[in-house]
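> I grabbed these lines from TrEMBL:
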{"type": "DOMAIN", "residues": "41-290", "note": "domain 'G-protein coupled receptors family 1 profile'"}
{"type": "TRANSMEM", "residues": "27-48", "note": "transmembrane segment"}
{"type": "TRANSMEM", "residues": "60-79", "note": "transmembrane segment"}
{"type": "TRANSMEM", "residues": "99-120", "note": "transmembrane segment"}
{"type": "TRANSMEM", "residues": "140-158", "note": "transmembrane segment"}
{"type": "TRANSMEM", "residues": "200-225", "note": "transmembrane segment"}
{"type": "TRANSMEM", "residues": "237-260", "note": "transmembrane segment"}
{"type": "TRANSMEM", "residues": "272-292", "note": "transmembrane segment"}
Amino acid sequence: MAPENGSLVSEFVLMGLTEESDLQLPLFFLFLVMYMVTVLGNLGLITLIGLNSHLHMPMYFFLFNLAFIDLCYSSVFTPKMLMNFLSEKNVISYRGCMAQLYFFSFFVISECYMLTSMAYDRYAAICNPLLYNTAMSPRVCLSLMLGSYLMAFSGAMAHTGCMLTLTFCDANAINHYLCDIFPLLELSCTSTYINELEVFIVVGINIIVPSVTIFISYGFILCNIFQLSSTGGRSKAFSTCSSHIVAVSLFFGSGAFMYLKPSSAGSMDEGKISSVFYTIVVPMMNPLIYSLRNKDVKIALIKTLRKGKF
């Protein structure tokens, strides 16, 4: 049955990360392990925060949401990606492809604004500790969370809605391991000018605004850290912030490289390698960066294990 938008294509074939046959099995096990670490790490963090009442604070409220987002958006495409390493032809229906594009866009944009909320929370805690309870009241936290998901909903609707206006005629081989925007635009047999303009505007807003806000927040935080009299406290705070900055830079940098570069710069294969960082590496790293280096989370984990709740 042909899709309702008039496209002749009813299904797509995902080409995967590479066509090298010798690499298929090693890559399968590599990404399977990474996915298992991602699921266990984020699910464990969600459970840990939920079970321990002393972690029910703004910082861990946002961390809870970040772990939920990472768990969901890595699960949107990774199982299909793993199948591609084991099968000769990885087929996805037209509707399935559009659904994957929507949910992938939704969770990626959610992550952008959740990271922004977390940076603002750290700024309020370190730079304005006396006003922290007011600045990060339950109402403010809820507003930031809902705002993140609302921006994600709007962006995902814009991307998917514009994609549904295109017609796909004969070519159906997507040069990627997921239904992403630019690989799909390459297959369209109608003009993609409006779509490219929409991508530039929406992605530009969702990358530039959060990343600038995050780096300004961490700029103020670092300035405040350098003013600490305790060398040990300064070193510990700087170490924590630097790891956060690395994770944020990796996420936004790889995303900007994929979506904001000129169409003539680099190949789609380079884009696939870049997308591995913000789709697979970052969701795996976030629980390690934001929890294992956190004393409160370590204490909560030890207490929970001792109580035999796990």
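Cβ atoms here come from the backbone N, Cα and C positions, even for glycine.
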> Other than its close neighbours in sequence, what residues sit by the transmembrane segment (237-260), given a CB gap under 8 Å and a spacing of at least six beyond its ends?
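Residues packing against the transmembrane segment (237-260) from afar: 108, 111-112, 115, 119, 122, 126, 181-182, 199-200, 203-204, 207, 210-211, 214-215, 218, 221-222, 225, 228, 271, 274-275, 277-278, 281-282, 285-286, 289-290, 293.
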> If contact means at least 3 Cβ pairs within less than 8 Å, sequence distance 6 or more, would you call the transmembrane segment (140-158) and the transmembrane segment (60-79) in contact?
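In this chain the transmembrane segment (140-158) contacts the transmembrane segment (60-79) - 3 or more Cβ pairs sit under 8 Å.
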